[in-house]
Amino acid sequence: MVQGLGLDTRTVVDFLRSMSGDDAATLAGSLPTFSIPAVPLTWETLQIILPYAIILAAIGLIESLLTLTVLDEMTNTRGQSNRECVGQGLANVTCSVFGAMGGCAMIGQSMINVNSGGRGRLSGIVAAVALLMFILFAAALIEMIPLAALVGVMFMVVIGTFEWATFKLARRVPKKDFFVIVLVTAVTVMTDLAVAVAVGVVASALMFAWEHAKHIYASSHINEEGSKEYMVNGPIFFGSAANFLELFDAQNDPQDVIVDFANSRVTDHSAIEAIETLAERYATVGKTLHLRHLSPDCRKLLDKAGSLVEINVKEDPSYKVATDVLAG
C-alpha cells in the first residue's frame, strides 16, 4: 500500500541507513565463511572479553529459559531446559567461527511462531532458513516494509505476551513480592536483563531473611531435675542471631540450662557465633549450658564443643547424636 500510493513514510532501509550513517547500507548479505578470530591469546585479552562473555551468556540463557517457560504454559508441555542451554552454547560457539553474531530464543518471535501453529523443531528450522533466504535473495522486499507496520506487529506481540493477570494479583500477593516484580521490570528497562535478575535475587533474599528473622521463638520449662529447658523453634542465621540471644536470661536461670535445637536449624557462621556468645554469657555467671540436638556439622564448628558428647538414638533418631556443650 505504501509503495503503491507513494506514501512518504520511513521504511526499514531508511532506519538502517540513519543508524549506520551510510547512505548505501543494505540488508543484503552473503553466506558466512569459516574464520578463527584474529585476537592475541593473552591474559589481557581474556580480561577484556571474559566479563562481556559472561554477561551476554547470562542474558541469553535467562531469555531462553523465560521463553521456554512461556511456551510451556501456552502449549501445556514441558521443555528440556538443559538441552536448550547446551544447544544454545554450542550454536553460539559455532557462530563465532563464522563471523556471525550469537543469539538466543526470543519471546516475541517464539510467540508469533506458536500462534501461527508452529510446535516442533521443523518450525524453528523453517524460520531460520526463511530468514537466510530473505537476506540472500529478498533483502530489497524487507527494506520496503514501513517501520509503522513493524511497530504494529511488535505491539500485538507485546499485548499477547504480557501477563495481564499480574494486575489482578497485585492486590492479592504480598507487597514485598509485588515490589520485586516492579523492581526487576524497572531495572530491566534501565539496564539489562542480567542485572535485573541479579537485583531481583538479592532483593528477594534480603526480604526472605528479614521475614524469617521474626519467626524464631522459644518455650521453656523446669524439668524434674531442676534444670531449665529451652525449646528453640525457627532457623538461626545472620538475620535471627540477635533475636536468638534475646530469648535467654542467663542472670536469673538456674544452675543447669538445656537448649534443645530439635525444632531449629543452625544455618551459617553468624548462628555459630551466636551460640558461642550464649555459652560465654552462661560461663561468665558460673552456670552450665547444655546444647542438645545440634547437627554434627554445627558441633564440629563450635570452638567450645567437645566437653561432653552423648549418643542417644532413642532421644534423637534423626541426628543420631545429642551434643552437650559445657560452657567454660
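Think of each number as a place in line: the chain as shown, counted from 1.
Cβ from N, Cα, C; glycine included.
Since the structure is predicted, the reported quantities are computational estimates derived from the model, not experimental observations.
In TrEMBL this protein carries:
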type: DOMAIN; residues: 230-328; note: domain 'STAS'
type: TRANSMEM; residues: 49-71; note: transmembrane segment
type: TRANSMEM; residues: 122-142; note: transmembrane segment
type: TRANSMEM; residues: 148-166; note: transmembrane segment
type: TRANSMEM; residues: 178-210; note: transmembrane segment
**Request:** For the transmembrane segment (49-71), find every same-chain residue at least 6 residues outside the stretch whose CB is under 8 Å from a CB in it, and list them.
**Result:** 39, 77, 79, 81, 84-85, 88-89, 92, 102-107, 110-111, 114, 161, 192-194, 197
**Asked** In the same chain, which residue numbers or ranges, 6 or more beyond the ends of the transmembrane segment (122-142), come under 8 angstroms Cβ to Cβ?
**Response** 12, 26-31, 109, 113
